[in-house]
Amino acid sequence: MAGRSVVVGVGHYLPKRIVPNSEFEKTLDTSDEWIRTRSGIERRHFAAEDETTSDMATQAAKAALADAGLTADDIDAIVLATSTADLTFPSAATMVQANLGMTRGFAFDVQAVCAGFVFALANANALILSGQAKRILVIGAETFSRIMDWSDRTTCVLFGDGAGALVLEAQEGAGTPADRGILATDLHSDGRFKDLLYVDGGVSTRTTGYLRMQGNQVFRHAVEKLAATATTALDRAGLTSGDVDWIVPHQANIRIIQGTAKKLQLPMDNVVVTVQDHGNTSAASIPLALSVGKERGQIKPGDLIVTEAIGGGLAWGAVVMRW
Ligand code: UT7
């Protein structure tokens, strides 16, 4: 017997406003064709002026709770991955806690940029395995539209807003890779690469700042590091890529997604792809893809899933779970 963190609910929220690539042609020296072929992105959602990260996270959390047939009273903790919290503090997670009417348990944010949801899942899993919590809402939510430099064509066409959430529940498993739930996690960061992807402002430097990225440099690290972390996590679970039903990758660039699948020797038929509709929603992209993948009928109970992500830090990692 072994404790497992099992996904019992999933949901997402996307803001109403959808912006097609053609919109950027009006103000920038760019084209729908360039954006599609270099990134795979066709459109993205942007939050309304008065819509915040915690608003979107709350909607995604409600959808995940409804999917699980649970209420906020059943939840012991909220772990929210974001780099775009409403305020410097308190955490967006405590705002979601209040919005859900949850007056017990605890809530906190995790900041690992685009790898945030993988880090949040690994942390939530550890809290469940240590007995600290029985049910945890794990949320990824971002308003990256707020940190875009709209005059920088190399970044502003790539990102979008949204939120996704899972409910994890402590269950007993047999201790084998056939168990439902999280089977293995693998986390990394290397701060030597901090200049490849960062926001050039923050509280301690008394500025606000915009996202800056050396995209092609990040790209070079991505495929290699993502395939390696996915392989390590699978190995830790006693599995190989041949056992995988779905790769649910961070949705930054279709070429990174394809390159990673190829390195793992899996066809694109085994990959959940949403980048065309959402753009890069940072920590929200994996829970959004899990929710959409389930809605599409791709992800089914018992399927073996590998999620993997890389982003600012650089920080990267993977989680292997059976749905
Ligand atoms: O989620 C966090 C992690 N982030 C990522 O994983 C992003 C990783 N990087 C990428 O997805 C890709 O590197 C990009 C999509 C950002 C760029 O694609 P690329 O094939 O690496 O292009 P590049 O940066 O090497 O740029 C090629 C050319 C440049 O022109 P020159 O120097 O060759 O004349 C750019 O100035 O494309 C130009 N360019 C554009 N042209 C039209 C850059 N952005 C645009 C644009 N429209 N929006």
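The backbone N, Cα and C atoms fix where each Cβ goes, and this holds for glycine too.
The feature active site is assigned by TrEMBL to Cys114 (among others). Cβ neighbours of Cys114 (active site) (same chain, under 8 Å, six or more residues apart in sequence): His250, Ala252, Asn280, Ser282, Ala283, Ser285, Ala309, Ile310, Gly311, Gly312, Ala315. In this structure, Cys114 (active site) is part of a helix by DSSP.
Residues or ranges marked as active site in TrEMBL: His250 (among others). Annotation note: His250 (active site) sits in a coil segment as assigned by DSSP.
DSSP assigns Asn280 (active site) to a strand in the three-state reduction. The active site annotation in TrEMBL covers Asn280 (among others).
Summarising the annotation, TrEMBL assigns domain 'Beta-ketoacyl-[acyl-carrier-protein] synthase III N-terminal' to 108-191.
Annotated domain 'Beta-ketoacyl-[acyl-carrier-protein] synthase III C-terminal' per TrEMBL: 234-323, in sequence order. Confidence across the domain 'Beta-ketoacyl-[acyl-carrier-protein] synthase III C-terminal' (234-323), taken as the mean pLDDT and rounded to a whole number, stands at 98.
Here TrEMBL flags 251-255 as region 'ACP-binding'.
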Surrounding CB atoms that lie within 10 Å of the CB of Asn280 (active site), all protein chains: 22
Other C-beta atoms that fall within 10 angstroms of the C-beta of His250 (active site): 31
